[in-house]
Structure formats: C-alpha cells, structure tokens
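Novice: Here it is, the structure in full.
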C-alpha cells in the first residue's frame, strides 16, 4: 500500500535546512529573491514617477485655467485673438516671463525693484499728488506747476516692473486730478519730455486712451511756443494763457537741447492721433537747423528763434546741447529708418564726426573724454554728457559695417571714463562735472550729485550691445553707492558734495523715471522693452516704433502703433535735461 504524503510536505521548501543541504537550490533561491525585489522596487519607482508627472500636469492645468480666466477678463468686448495677444504682451512687458538663469542677476534686479518700491511708497506717504518729494523734510514740492511730475514720470517704470497696484493708483490720479489749465510758466522742454513723454509711453504700454487724450490736451497748450518767425520754439510758455517767451539769461535765444528735443514726442503724438500738426511743428525746426548746419555737425547751444542762426560759438555735449544730438538718432529709429527720416540719420552721422574732434585723453591714465568748445577746446565734461556712450552704442547697432565698430569702440572708451567719475569719488557717486588737468586725470568741478541716470543708461546700452557682464558689475557698484549714500527711511536723496557725503533734500522725479529703470533693465533680459520695437525719449519713456513710409502721415493706418507688422528696429537713451543744470547755473559761477 502506498504511503500517503503528509500535509507538511510543501512546507519543507520554506525551511532553511532544506537549502543548506542543497547549495545549488540555495543559490537559485537567492537569485530569485533578488530579481523579485528589483522588480518590485522598479515598479514602485515607476508608480512614484507617474504620480509626480500627474501632479505636475495637474498644476500646469490649474495654471492654464487661471490664465484662461485672466484672458477672459482681458477680453471684454475684444476678439479672442486680440485678448490673447494683449495678455501675452502684458506679461512679457512686465518681465514676468524672464528666462534668465543667472541667480546673481535676478537678485540684483529684485533689489532695484525693491528700491523703486521704497522710493514710490515714500512719495505716496509724504508728497502724493505733488511734483517731487523732499525726503528729509517729509513733504512735497511743486517745481513743475503741480502737474504731478513724479507720478507721470513713474507710470512706465511701475508698469515695466510689474507693480500693478501702484500703476493703477497712479493712473487713477492722472485721470481724476491731472489738469493743465494752470496759470504756470512751464518749461516747454521739461514738460514735453516728462509729462507728454510719460503720457505717451503709458498709452503705448497700457493702451488706455485716457493717457492719449491727456497728452493731446497738453500738446495743444504747448503749441503756441512754436509761433515764432522761424518756427523755432520759445523755451517757456504759460499753460493757461499760451504766452511764450525766452529767458533773459540766454539773451533771448532758444536752447539747442530744448528746441531739438521735442521731435520724438510730437511725431509720436501725430502718429497716434492722426493729426499731422504736431509733427509738422517739430520737423520744421530740424529743417531750419539744416539750413545752418555746420560741416562738422556741431551746432552751438544757443539759436535765435527770429533768425534761426546760432548766437554763440560754444559747443557742448553736456548741459544745453546734449539731447539735440540724441534725438537726431532716435527720430530716425522711431521712423523705422525709412527714407522719410534719412535726414536725421545723415545729420547725426555728421555730428558724430564732429564729436570725435572734441575727444581727448587724460594724463596720466588716458581716460577718453568729450571736451567742450568755444574759441578753443575746454577740458571739462559734464556727467550729463555720459549719455553719449549709450547713444554711440545705439548708433553702432544700426550703422553700416564700416561705421559700427568705430562707434562701439568710442562708446566703450567713454563709458569707462564715466564709470570712473563714480569709482574715483570718495562716496562712489559722481559729481556734476569734471575738469581734466595735466597729470591729474579727472578732478571734480561742481561736486553735487542729483541722482542722474546718464552713466547707468549707457551701461545698459553697452551691455545690450556687447553682452559683457563688466557693464552689469559697474552698474551694480553704482546702485550700491546710491543705496549707501542716498537711501533714508523716507525715500532717496542726492548729495550736496560727493567728497564729504553731505545729503541734500530732494528725490528727483527722474530718479524713478530713468535711474532706477535703467538699472532694472540692465539686470533684465534684453527682450524686456526690446530694442527692435521701442525707442526711449530723453526721460527714458519708451515709445513704440512706427514706420514712416513718406514725408507725412500717408500710408499709416489707424492704430498702426499696435500692429506688430509696423514694429521694427529701435533703441534708446535718456539724457538729463539742460534745465536741471540751469537751476544750478548761478551756483556754478560760485564754484
């Protein structure tokens, strides 16, 4: 009779002794165990990765849904395509989609933005609605007729930095409180570059027609200044009465940097309103100047509004001359470099040949500087003239191949000099102007610093032209000096003396409009305010480029400025203004 297997027969395979007596089976069991373990581990890993992918897709889906809701809000009564394009444009313009991977640069940009928040919040707290903040006195002042200079100067900076709540508050003030019906003798130049330029830029960025309507109202009040025998404008006009005149200290003459620095704004306004009058007034000035334009392109700084001829021999790229040369280049770029604006390009190239005749090198270090000229060369250079390296870099990006390296190399040498205005100062902030003496290189002349932007502006241009991070490093050093020397609890101030560090009591509106904006752009990717779509006025307000197909407005369609097909090459630069120097001209003589 066969023996029946016991019920525990299969369990012997689970007993260790079974395998100890059979080493081959032991090895097989070990291998089987390892393979099973690996299979289970691999499966778990796949599950975890799958869960992670699902989570990421879920988050992405949530973000897309949120964007869709934002787009719906933006659409209103617009078509879908228009709304999507506006949303995408808004995010790109505000720098919310930066692709730069440099953590140091991002940190620097964030600190510049924080500086803007501090400056703006201090102005809000102590000087809201007034032209400028006096930080140490903790009150406001109205040197520009109470037009809210800091507000309108800051609009595009707030927009570009993505400070939406602040921008909306500023916009509401402009809509409700900005009025030009004031018995106030306004500087045509300052009012044009700050207020008119700021309104046009806010319109181009936001597409809010309120800004354009305000700009037109202001320009209409400025136009009587051009009612002279030659069409060369007076420098001052009463916004309420329209009475215009020139100051006595100019001998009745108009100032070159004044009469030649309205073209970007007035041409831009004509393009957007379809009214050619503003452009005609501005361009007539250039045509008149062309009649007396010297072979070297260096017009003196005073021009008679009655004869159209120079009334002095003094030539400068500093105060009272600077932005005329800048606008020759920028109007050409603003018009998309078409045949209609070739006159500006030709005049600018002439002027750059002349500029090179003014350059000299210091002793012993060989710093290249731009001298002034009267009957002979004067070894003096304003910090205001530090716009020139940026202008030359901009020119190099648009010039033919034989000229481009000449302009760029000149820009590199000059910006090194301008940076050393800061680096060689005890406070690391530049004085107002410098004298060049044999064996001493540069010596500060007028010693105040009023938060000017020209050097950091040029650094931004040089960085965009070359990609060399040395320009970012130099800009960061200057920003740190502004933080150390100028920041106080209630805003930012300038210095009465860059040698001692004694502070003044003003936060200039252009500190927010220009200095901080240029620094922010210096530490931002180049596609934030791309230089092939925008040109900056001399107060750093970006204006969208529109082609000029002919001498007038022919060929331009309504709202062409928002048509990407019409938007091609640009660039920028914002110099300081001559009137800022004029305010201190009597003090200059004391020095």
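Backbone N, Cα and C atoms are what each Cβ position is placed from, and that goes for glycine too.
Automatic, uncurated: that is what TrEMBL annotation is.
Computed from a predicted structure; not experimentally measured.
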Novice: For which of the residue intervals 19-46, 47-74 does TrEMBL record coiled coil?
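Specialist: Going through 19-46, 47-74 one by one, TrEMBL flags 47-74 as coiled coil.
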Novice: If you measure from the Cα of residue 322 (active site), which of the recorded positions 190, 418, 432, 538 is the nearest?
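Specialist: Nearest in space to residue 322 (active site), counting only the recorded positions, is 538.
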Novice: How many Å separate the Cα atoms of residue 432 (active site, proton donor) and residue 454 (active site)?
Specialist: 11
Novice: Mean pLDDT, the coiled coil (47-74)?
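Specialist: The average pLDDT of the model in the coiled coil (47-74) works out to 58.
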Novice: With residue 454 (active site) as the reference Cα, tell me which of the recorded positions 190, 386, 418 is the closest one.
Specialist: 386
Novice: Let me check the 10 A CB neighbour count of residue 386 (disulfide bond). How many other CB atoms are there?
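Specialist: For residue 386 (disulfide bond), the count of other Cβ atoms within 10 Å is 31.
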